[in-house]
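Reviewing the structure listed below.
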Amino acid sequence: MEDDAPVIYGLEFQARALTPQTAETDAIRFLVGTQSLRYDNQIHIIDFDDENNIINKNVLLHQVGEIWHISTSPADKGVLATCYNKTSDTKVMTCAAVWRMPKELESGSHESPDDSSSNTQTLELLCHLDNTAHGNMACVMWEPMGDGKKIISLADNNILLWDLQESSAKAVLSSSTTLEGKGQLKFTSGRWSPHHNCTQIATANDTTVRGWDTRSMRQIYCIENAHGQLVRDLDFNPNKQYYLASCGDDCKVKFWDTRNVTEPVKTLEEHSHWVWNVRYNHSHDQLILTGSSDSRVILSNMVSISSEPFGHMVDDDELSDQEDQHQEEKIKEPLQDSVIATYEEHEDSVYAVEWSSADPWLFASLSYDGRLVINRVPRALKYHILL
């Protein structure tokens, strides 16, 4: 089989929630949450066997409702959080809860049973994130470098910081803040920065991107009209501490330096419809993934604003004088930004793209019709980056 060929897995339900299993760094593993109105919803644990190019899956029941967002603990392979719809007295609320998967499914290296449909297991509820006073939950973010005990949830116009206690069986609200202003303010998404000792988060509401200090819960920067329409998603560059990517309904992806937010550092305009998702590669921050309701996934090489804009430095001792001069000229010249590949395996809106936590060259994308596609960075580019 061709090394770069995509691997496709179809769920029988619609889906929009996807996450890598963050704490699993050996096996390639993603979790997908379904959105079914008529049946019990499910979390599919997708293990990708890289050597044989096949997918093994296990299904967990998520009986409380349609899954809108899913995230996994950075410290405990068995723990995850979901945001889901719950109907009570004809009112629909989006709630959030922390769950544990069955012990035998925690690790990604297990052999999958041939017939996994017959032994569907259920998630164990650890605790609810009580949002009765705060409104609908948009997303849950784990502290990236933490012990899995700190999470932030965004509910309508509130930022809520929770401490998980007693092996995550209890969530205590430790601090919160409210977005003030005119109209019905609602957060659409947020991202916890891996920099500054994990004391900062960024949030999106309407067309605005804001930075917050989690210690004081005060706003530290604000990018008004970051996009012409709704901002859908954010991601921090894992290797450059002030760099943030945003995307939205104006079909654009923008890159910001949060120290000077008057202008984006770069703008990508490759999609023809709303951009739902933007993700930096964890190891090679020039690689940017985006997914859009134009049904496409685009992999871009944003090398000019990456942590290695001039390529790898070569050791001086290895070069002759002539080469030396040539090398110096080459080093001064930043590499060019470009679209590496456009992936067209989806036929419906792509609501999520995620890099694997275990393999930096592998990523998954999910479209609303329940199609999950696993792709690899083209080999030629991989070797170009590595060599």
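Here the Cβ of each residue, glycine as well, is placed from N, Cα and C on the backbone.
Taken from TrEMBL as is:
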- 323-333: compositional bias 'Basic and acidic residues' (COMPBIAS)
- 7-299: domain 'EIPR1-like beta-propeller' (DOMAIN)
- 314-333: region 'Disordered' (REGION)
- 224-260: repeat 'WD' (REPEAT)
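Across all of the repeat 'WD' (224-260), the predicted model scores a mean pLDDT of 97. According to DSSP, the repeat 'WD' (224-260) comprises 0 helix, 18 strand, 19 coil.
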